[in-house]
Structure formats: structure tokens, C-alpha cells
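The feature DNA-binding region is assigned by TrEMBL to 86-129. TrEMBL lists 341-362, 384-398 with the feature compositional bias 'Basic and acidic residues'. If you look up TrEMBL, you'll see 365-380 marked as compositional bias 'Polar residues'. Residues or ranges marked as domain 'Homeobox' by TrEMBL: 84-128. If you look up TrEMBL, you'll see 131-332 marked as domain 'TLC'. Per TrEMBL, the feature region 'Disordered' maps to 341-398. Per TrEMBL, transmembrane segment is recorded for 39-56, 136-155, 180-199, 264-283, 303-328.
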Amino acid sequence: MARSLYEWLWQHEFWLPPGITWEDMQESEDTRYPQPRDLLLSIPFALILVVIRCAFERAIALPLSTKLGVRDKQRPKAQPNPVLETFYSTHRKNPKEGELLSLAKQCDLPVRKVEKWFRHRRNMDRPSLSKKFSEACWRFTFYIISFFTGVAVLYDKPWLWDHRECWTGYPQQPLQPSLFWYYMLELSFYWSLVFTLPFDVKRKDFKEQIVHHAATIFLISFSYCANYIRIGTLVMVIHDASDCFLEPTKIFNYMKWKRTCDSLFMIFSAVFLISRLVIYPYTVLYNTYYYSMEIFQPFFGYYFVNVLLMILQLLHVFWSCLIIHMVYKFILQGTMEKDMRSDTEESDKDEERDKITEKEKNGITCFSNATSNGYIQRNGSEPLDNRAHRANGHAKER
């Protein structure tokens, strides 16, 4: 059964244009074509990148965050409570109103204290600022290396300047060693992101990130197997161009260098919108959809790769809407809004509300004490006891 599945999966009709079979893609001493088995190398390479990342964050990024003044916010810790901890671990992190009442009865605590415990407990699980800084440093380092690697690999390639060259001689386009290693670098990195996904900083677009990583891995893998190497290299270089500006924007935001952060954000926004909404559709989508049909008739691989490219474009539109909204706020308010994807601590508003409530209570107490002592002043008038003293003085004079 496994052999039948294997033979069905690798039918040349799925991967190659009409009239081309796997026999036409046989390698020789001078000519090498992409082989699906090569993709297995990306798994050990991804694990190596994970190890390099851990070493980089501990040895370079964390000490750098300390030197640059990145300080983790002091968070109040949740007091040990076995009942609440069990519910937090096994049921849900944000209990509903009825569950809060039940837990309050079990623990013999006021409902507000139970709410406060869950709030503090959730904040304890949130990533620290130094972790966010370290992650941004790692990604910035990789994107810079990857982008300039792509530029170095592609600057002398004809398809970078004439997009019809992507299909000249397709699919019998020999695989050059520089293109192979560039592909392995990118594919290994995205596999490493999948491996570390449970431990990375989770943002509000977490689900979209999973879809993005999956689509990217499928796209890189399929484009390699079907020898869409030339169009694949264009996709990777276009994506890395804007990412090179995103990560330093985060870094300066964590450092609280506001003006530098705002400037980089505006540069990132311009590069992202131009590269993802203008260059990508023309250089990649139009190229793959129209120019390729000048060389061969549509087949399964043609439709499949276009679907994956369109999924990426839909994600580009989603993130572009968020960026445009932030730019709009920046233009109106003159300051950059917090990253809408960030999972900010929820204690801020709640703690402020608690403090305001306490101040109001204290204010009422002071008000009553002042009233009893006769120290109320209204509209700039004098204290009551002073006025009484003056009144007595006038009476004595009379």
C-alpha cells in the first residue's frame, strides 16, 4: 500500500508540465536537478539553527539587552494556591463569572482576589521584555544574512532583471550549488520557527503565523521538487527585504528609543507595502500566472503553486491592513501605536482601576475626617475654624 501511495504521489503529471517525465529529469555528471530527497537535509539543518539560536540569545542577545538598558517589568507573583493552580492548568486561564464564584467559595476568598490571582498568574506566563528583545535580535540577524545572501546569489542571474527568464528551458533548468544552499538556508529557518513555535512570543496573529509558516514550507518544498527554483528565489528575497526593517523596529521599541523606532517603523511600512502589494504581485503572481503559460500548458503543479502564492498574498493584505491602521494613527496622533499584534499585559488597566477604587475610598475617608475637623475649603474660602476664630475676634472687638 505504501508503494502504491508513493507511486501515486510522484506521478509526473502532478509535478511536471505535459510532455515531460521523470526520465527527462535524469542527472548527469555535468547537470544536476533538484531531488525531493534533498529536502530531508533541512530537518537536521533546522535543529542546528535552533542550537545556534539558543547560544546566540544567551551569549549575545541577553547581555546586549542589559547593556542597552532593556529592563523587565516587575510583575506581582500569584500567591501559591493549589485549587486555583489546578483550575488554571487543567481547565482555563480566564475563568467565567460562574466559575469565579465557585472558586471563591472553595478557597474562601473574595471574588476580586480570585480575579486578581488569575490576572497575576496569566501575566507570569507572558514573555519578558528581554525575551522579546532576544528573539527580535535573532530574527534580525538571520534576515540580514538571508537577504544579503539572496542578493549575492541573484544579482548576476538573468531572471532577476527579466522575469520571463524564470521559464526559459523549464523544467530542465540545472540546479546551481549557490541556489541549493540558499534554498536550504531559508527552508531550514522556517522549519526552525515551527520547532520553536510553542516557546516563541505569541502574538495576536498567532494563527496567521502558523498558516504563514505552513504555506511557506509547502511553497519552498514544492517549488524545489517541481524545479520552480527561479521563482522561489524571487519570493524569498522579496520577503526578506521588509523583514530586515521590522525586527530592528521592535528592538528600538524595547529599548524605548521612540524617535528611532518611529522612523524605522515608517521605513518598514513603506518597504512592506511596496514589496508585498506592488513588487510581489507583479514579479511573482503575474509572472507565475501568465508568463509561465507562454512556455507550457497549465497542469496540477501550476495550479497548486499559484494557490500557495495567493495564500501568501492574502496574508500580505491582512498584515498590510494592520500596518496601514498603525500608520494612520501615527499621522493623526504623531506617535506610533503599540504593535496591534502584541499580547500586552492585562494588569495595567485592572491595577489602575483597583488603585482608583482605593484612592476613592481613601478620599472619602479623608473627606469625612476633614469635615469632622472643620477643614473643608470651598471656592478658595478659609478653613472653618479660622473663620470661627475671626468671628469671635470681631465679637470681642464689638
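Easy rule for this one: first residue shown is 1, then count along the chain.
The backbone N, Cα and C atoms fix where each Cβ goes, and this holds for glycine too.
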DSSP-derived helix, strand and coil totals, residue by residue, for the DNA-binding region (86-129): 32 helix, 0 strand, 12 coil
Within-chain partners of the transmembrane segment (39-56) [C-beta distance under 8 Å, separation at least 6 from its ends]: 137-138, 141, 184-185, 187-189, 191-192, 195-196, 221, 224-225
